[in-house]
Amino acid sequence: MAIDVQPSPPRGPETTTATSPPRRAVPLLVWNVLAVVLGVGIWTVLARIGVSGLPGPQEVAVRAGELTMDGTLLDDSLASLRRVLIGFALGSALAIPVGFLMGWYRTARGLIEPYVQFFRTIPPLAVIPLAILLMGIGETPKIFVIFLAAFLSCVVSTFQGVVSVDSTMINAARVLGANDAVVFRRVVVPASTPFILVGMRVGLGAAWATLVAAELIAAQEGLGYRMQQAQIYYDLPSIFVGLITIGVLGLLMDRLLLAAEKRLTGWQERR
Amino acid sequence: MTEKISFRATTRTFEVGGKPFHALREVDLDIADREFVTVVGPSGCGKSTLMNIAAGLVEPTSGEVLVDSRPVRGPSPERGVIFQQYALFPWLTVRENVEFGLRIAKVGRAQRRARAQHFIDLVGLGDFADALPRMLSGGMRQRCAIARAYAVDPGVLLMDEPFGALDALTRVQMQDQLLDTWGTERRTVMFITHDVDEAVYLANRVVVMAARPGRVQEVIDVDLPYPRTEAVRLSPEFSRIRNRVWRAVYHQTPQEGASR
């Protein structure tokens, strides 16, 4: 998941872009594909020269095929996706209003910020033992831990977004007759959208990062659970399948959010 | 002439390091209806504070500002403000920016469109009505901000160094265009600047302010005819007034035994 965020090309009016000569640059995607091919190549070489126990790409592909055929890969992926999505959705859904409250009302900030900052210093994984004792071993503690991870990343970012809204812009709205409610809805919300989306992307990353650990909690299925099982049986190809699936799913979801970001915040001036 | 804006012993103090600092001390100033007044002075003379008090964005520590004989209590669409940093809403197009105040005032769609279009055309942005602010140059952004302020039909326009961030050439064009706009849509204008030429070129009267404490040093009438043209800008009368304003700005006698 290391493909960097590409800055969107400026979408100026045709009149300005048409005059600049098109540059004969290799598209970034070509380099991305090349990197993947190279990576797989190096992996193959490492497996061939016998790095102890390392399965090669073919071996992993075969295992992926098997796991797909018998349906476990799909079931595990769906189980994990479900947890990530529910945890992430709940986390963001709570983080956005709380972030707005903290940014908009000093009192709310004073009341909430100590808790946010405190829980931010605790890795969500460290909450797992407590979550098990309080919530049992069902879906609740797993989703809760993912929720916590997503919430904490997103809330700080939303809060930052609201605090950094240009005060001149707020004044401009006020002198045009806007009251607090209108300033909030028509200025603060759109102005902090870029921050919120960045927060959601970070939150999504945190949600995936927490997933495997959350599935340590007596799960019956899920990518993390499958990898745990594979570890017990020294089944390295399955571990690779799990890792790659998590990476691909995470990347896909990140791209979706990135697309939303481009759509919603295309008005931004970017370098 | 009837007064549109009256500053009455307007004082504003800030605490700096536990000591009170007079941004403005007992400023008295009357601005007539439909008059174009520029306020010029060194930095720290409180000219922006004065404008912000008139806008209702800053409260005076003592004294008051009357607009249409009523004391100012907070911002109102009756007093349009144009900021140096344009303060356009970057997620809205030029048209949507200009319609912003009309939307708040719940003006109907058709009328909103028509009014916005009128002022967009007036400032010469007709071809860019659907462009986002990031596609516009600094001068075009400020023209959009001027159209936005005009659209809600304020009786007073308060401008805080609106052309301060523009290059010298664009500045001159913007000054001419502002005077054109003001000629067709006459409003009371209070225009803050630190540029002596700009202050003289635009105004009926130039208010020269002094710092420490912020106060009115001198008010200078500009007896030059409108429309102002290049001929006016290059005339000996213009330079005579400019020289007078220049001396008032740059050769101020310190008060209060202020030492730097």
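Each residue, glycine too, has its Cβ placed from N, Cα and C.
Per TrEMBL, domain 'ABC transmembrane type-1' is recorded for A:77-257.
What TrEMBL lists as region 'Disordered' is A:1-21.
Sequence annotations record features per position, and here TrEMBL assigns transmembrane segment to A:28-49 (among others).
TrEMBL lists A:84-105 (among others) with the feature transmembrane segment. Within its own chain, the transmembrane segment (A:84-105) is flanked in space by residues 112-113, 116, 142-163, 184, 188-189, 192, 196, 199-200, 203-204, 207-208, 210-211, 253, which lie at least six positions past its ends and keep a Cβ under 8 Å from the stretch.
The transmembrane segment annotation in TrEMBL covers A:117-137 (among others). Within the same chain, residues 144-146, 148-149, 152, 156, 206, 210, 213-214, 216-218 sit at least 6 positions outside the transmembrane segment (A:117-137) and bring their C-beta atoms closer than 8 Å to a C-beta of that stretch.
The transmembrane segment feature in TrEMBL is assigned to A:143-165 (among others). Sequence-distant contacts of the transmembrane segment (A:143-165) (same chain, at least 6 residues past either end, Cβ-Cβ under 8 Å): 83-84, 86-88, 90-92, 94-96, 98-100, 102-104, 109, 116, 119-120, 124-125, 127-128, 131, 135, 187-188, 191-196, 198-200, 202-207, 209-211, 213-214.
Positions annotated as transmembrane segment by TrEMBL: A:195-219 (among others).
Outside the transmembrane segment (A:239-258) by six or more residues, the chain places 1, 3, 5, 55, 60, 63-64, 67, 73, 76-77, 80-81, 84, 197, 200-201, 204-205, 208, 211-212, 223-224, 226-227, 230-231 with a CB less than 8 A from a CB of the stretch. Per TrEMBL, transmembrane segment is recorded for A:239-258 (among others).
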